Amino acid sequence: MRTLWIVAVWLMGVEGNLYQFGKMIKHKTGKSALLSYSAYGCYCGWGGQGKPQDATDHCCFVHDCCYGEVSGCYPKTAFTLKFENQDIICGDEDPCNRAVCECDRVAAICFGENVNTSDKKYLFYSSSYCEEESEQC
């Protein structure tokens, strides 16, 4: 029972923004964020290095850069958003929450625009292939 409680508390901390970002991705692509984007190329998932491998990976590179630009804000925070038809609307009045939401919104739109260009060979891509020098944000 104690283990279940620890897992529940841990998930509460993880759930906020990652869950909402996943909803945005699903809304724009029809795909599962976890299965399609959590370990893709050199930048989709935790960390990132090297040269983005394709347009989808470049979406993740830009997303990482965006998070870097919202200094002082915690990127895993929960924020207010809504979906209207195909649009994603960030509605939070808190400047940090709004900025993080905008980073996620732009990335989800980018994934949607490139949904047919992603290549399965970049799923679970080894970071050992990500050694080329990265472009600047």
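Using the three backbone atoms N, Cα and C, a Cβ is placed for every residue, glycine included.
Copied from Swiss-Prot, the annotated features are:
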SIGNAL    1-16  signal peptide
DISULFID  CYS42-CYS130  disulfide bond
BINDING   TYR43, GLY45, GLY47, ASP64  Ca(2+) binding site
DISULFID  CYS44-CYS60  disulfide bond
DISULFID  CYS59-CYS110  disulfide bond
ACT_SITE  HIS63  active site
DISULFID  CYS65-CYS137  disulfide bond
DISULFID  CYS66-CYS103  disulfide bond
DISULFID  CYS73-CYS96  disulfide bond
DISULFID  CYS90-CYS101  disulfide bond
ACT_SITE  ASP104  active site
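Taking the features listed in Swiss-Prot, we show where each one sits on the structure.
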| residue | record | DSSP (3 states) |
| --- | --- | --- |
| CYS42 | disulfide bond | coil |
| GLY47 | Ca(2+) binding site | coil |
| CYS59 | disulfide bond | helix |
| CYS66 | disulfide bond | helix |
| CYS90 | disulfide bond | strand |
| CYS96 | disulfide bond | helix |
| CYS101 | disulfide bond | helix |
CYS110 (disulfide bond) - helix vs strand vs coil (DSSP): helix
Nearest-integer angstrom distance between the alpha carbons (Cα) of CYS42 (disulfide bond) and CYS103 (disulfide bond): 18
CYS44, CYS60, CYS73, CYS137 as disulfide-bonded residues, winner by CB count within 10 A: CYS44
Spatial neighbours of CYS44 (disulfide bond), counting only the recorded positions HIS63, ASP64, ASP104 and Cα distances within 10 Å: HIS63, ASP64
Length of the line joining the Cα atoms of CYS65 (disulfide bond) and CYS103 (disulfide bond), in Å: 9
Length of the line joining the Cα atoms of CYS110 (disulfide bond) and CYS60 (disulfide bond), in Å: 9
CYS73 (disulfide bond) - helix vs strand vs coil (DSSP): coil
Minimum Cα separation from TYR43 (Ca(2+) binding site), reported as the residue among disulfide-bonded residues CYS73, CYS90, CYS96, CYS103 that achieves it: CYS103
From recorded positions GLY47, CYS60, CYS90, CYS101, ASP104, the one whose Cα lies nearest CYS73 (disulfide bond): CYS101
